[in-house]
Each structure stands twice: as structure tokens, then as C-alpha cells.
Amino acid sequence: MSAFVVLGAQWGDEGKGKMTDYLAETADVVVRFQGGNNAGHTVVVGDKEYKLHLVPSGILYEDKINVLGNGVVIDPKALFEEINYLEDLGVKVTKEKLKVSDRAQLIMPYHRILDGLKEKARGKNDIGTTGKGIGPAYTDKAERSGIRVCDLMHKDVFEEKLRQNINDKNELIRLYGGEELDFDKIFEEYNAYADRMRPYVTDISVIIYDEMKKNKNVLFEGAQGSLLDIDYGTYPYVTSSSTVAGGVCTGAGVGPTAITGAVGIAKAYTTRVGKGPFPTELLDEMGEKLREKGHEYGVTTGRARRCGWLDLVILKSTARISGLTSFVVTKIDTLAGFDKIKVCTGYEFDGKVIDYFPASLEDLAKCKPVYEEFDGWDDSIADARSYEELPENAKIYLKKIEEFTDTKISIVSVGPKRDQTIVVGEI
């Protein structure tokens, strides 16, 4: 039995969808343990492209159990839109293939509305929310006023909790100048969701535990990236959940001793969507070249991603915090054609060089990246299928990542398709 965590090692958009899909081939269970439909990833199978936001990547296989854990916040409307989208593409989403935690929190219409109103009120200090209601849903969870999936399954309980929330939230919405919500309309809408959701709902911690006892392989699929973690990310420009490996324990009801490994997905350069610090960001033609070559536009928002050189300080931090057993390096094919390639190996801060990521945004703003320069390679590597086929300079680049982070590279991705994957060693 193996229980592996797959998580983003940067600010998200590292290629987790492709790699989770690839690794899911040998998994029996694929579990989402945090986040919501604010995440987006693309999986390419043959000539078909699937854009997923909430449903685990294992859904593309016929024989996998896919789990939305209690750490996920679920927008029923978004969930069923995604299920309809998948079924239109010929992917069956049955109650045997998809399991939804009865303890997961629901995203309600007032969460989405308040997300937008609060972001607008922040003005120039906005934090770049996707507007999906994720943050407000986690806020309600923390203050114990949230509505869970199990509440939705009991009409009278749901009615009472919804009425209280509508009363409270309408006061807030009025304060922000928004339009009040109608209880009856939402109650009717969500009761319809309850009927459709009921077959999928269960205690997912029991499902996962039972599968592990049968020596089944479990893959825990993270959303966003480690630098968006609520505690270890660039706060407040973060998401509202735990995106590091520790989030699996609370977000899926799994004990830490059950986890056998953690794999960090790292892009061969660095990108970020929205506001927040980004020490190696390139605001010149080089950054634009990376964006266009790498097609760096968000799956969920369509926003252009900010691009920059690879930051090894970030990867070293992620490896330490999540106890990574290996890295998967993606999109190294994008770097083909660059004469010189830089990587950040430290920050100049207050007259000295540091190799850690400061907690304070004010301190981080003072940090200037210290670069090491490498020779690039001209040849396209999209057709490479073994480590030996990679250009020598690409191998030197990858070796630097391993040495600096003290973490081996297990897989190198040279394109978006399943077969554009080079296995270097054991995960």
C-alpha cells in the first residue's frame, strides 16, 4: 500500500493536473483534501482536453474511487456543472466513482456575493480573490456558522441554518451596498442539489481507511500551491486552506503515519496569478517570452500569469515544510531556445545573503534575488522519452535543483500529454 501526497511546490499552476492524472494510473483512490472550485487544471488524454476545477483527476479512469474530502469547500452548482461537463465528454460520474464528504462545508450564494463585495471594498489593497466564495466559506467554517453537506441532507436542519445565515449575511450585504438575498429561492435551489448529491455523500475517512486496509494505493491531490498556504504562504496573498502536506491529515481524516510519501510539482520556472510578492518576476521581454511559450493563462480565471526565473529558495522551503520525498519538474520544454537561464539561489537582505523565505511581506519586499546563470539549450525536448535523451545543459539544470533542495527529482515532464513524461527514479 502507498499513500502519496501530490502538491504544488510554488504558487499553483505547476502542472498538478497532468501529473496527478499520470500517477492516478497506479492509484485506486484519488482524494482532494482542500480548496474548492477556485483551482483549475487541464488534463490531456489523447486528442481530448479536460478542464477540471473540483472533481479529482482520477475521474477520467473507470476503476478509481474519487473523493472530495472534508477539507474541501463545495459549491453544489459548480460541482454539478462539472459533472455535466464530464458526462457530455463521455466520462461517467457514478456514485461508485465519486464520494463526497458529509463533513465538507458548502459554498452558498452569499459567500460568492460577499467575496466580490469585500474585494471591491479593499480598493487598491485587494488580494486578488477569484470571487468563487472560497474565503467567506472558510470564514464561516472557522466561526462555526457554516453549513455542511450533512446539514443539506436534512431538510429541517438545513432550513433552520440557512434562515439564520440569510438574516446575518443580508445585514452584511446591505452594509457593503449589495442586493439582499431571497431565502425561498436559495432554499428551493439547494434542496434540488440535496436530492442529486445524496447518492455521493458518505464518511470519506472510513472509505479511505478501509481501502488502505485492503492495501490499495491512495493519491492525495492538492490544489493551488504551497506558497498559497494559509500559514506558510505569502500572507495575506494566499488561499484560505492548508495547501501543504499537513493539510491531508485534517482535510481527509488520515493519520500522519499513513502517508508514505509527498511529491512536489515544480515548474521549471516560476509563475504567479494575481497580487502578492514574487522575487524573481520578470517584467521585461524575457517574462513575456516565458508567458507566451508556456501559454501562461489561468484555467479558472483566464488571467495572464506573472512569470519569472526559477526560485530555488521557494522549492527548498516547500521541501522542508511538506517533507517532500521527490520533485516532479514540469514544463522544462518551455525553456528550450533560451541562450541563458537563471535560477535564484538566495536573497540579498540587509547586507547579507539568506536562503530562506521571510514571513514578513515588508522584509520580502527588501529581498533582491541572487542568481546563478546556466547555459541554455536550443533543441526542442518535447519528443524526449528518457533522461538520456535530454540535452546536457538541461541535465545540469535539473541537477542544480536536486543539489540545492536536497531532494531528488523523480519525474520530468516535457509536454502536456501523458506520454510526454520521463521517469527518472522512484517517487
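Note: Cβ is positioned from N, Cα and C throughout, glycine not excepted.
In the three-state DSSP reading, Val414 (GTP binding site) counts as coil. Sequence annotations record features per position, and here Swiss-Prot assigns GTP binding site to 12-18, 40-42, Arg305, 331-333, 413-415.
Annotated IMP binding site per Swiss-Prot: Asp13, Glu14, Gly15, Lys16, Asn38, Ala39, Gly40, His41, Thr130, Arg144, Gln224, Thr239, Arg303, in sequence order.
For the recorded site, Asp13 (IMP binding site), the DSSP three-state label reads coil. The Mg(2+) binding site annotation in Swiss-Prot covers Asp13, Gly40 and rests on sequence analysis.
Here Swiss-Prot flags Asp13 as active site, proton acceptor.
If you draw a 10 Å sphere around the CB of His41 (active site, proton donor), it holds 24 other CB atoms from the protein chains shown. Residues or ranges marked as active site, proton donor by Swiss-Prot on the basis of sequence analysis: His41.
Around the Cβ of Arg303 (IMP binding site), the same chain contributes Val273, Gly274, Tyr297, each under 8 angstroms and 6 or more positions distant in sequence. As annotated by Swiss-Prot, substrate binding site applies to Val299, Thr300, Thr301, Gly302, Arg303, Ala304, Arg305.
Here the binding-site residues are Lys18, Arg305; the one with the fewest Cβ atoms within 10 Å of its Cβ is Arg305. Using a 10 Å radius centred on the Cβ of Thr130 (IMP binding site) and all shown protein chains, the other Cβ atoms total 22.
Of all the binding-site residues in the record (Gly12, Thr42, Thr130, Gln224), the one with the smallest CA separation from Gly302 (substrate binding site) is Thr130. Reported as a whole number, the C-alpha separation between Lys18 (GTP binding site) and His41 (active site, proton donor) equals 8 Å.
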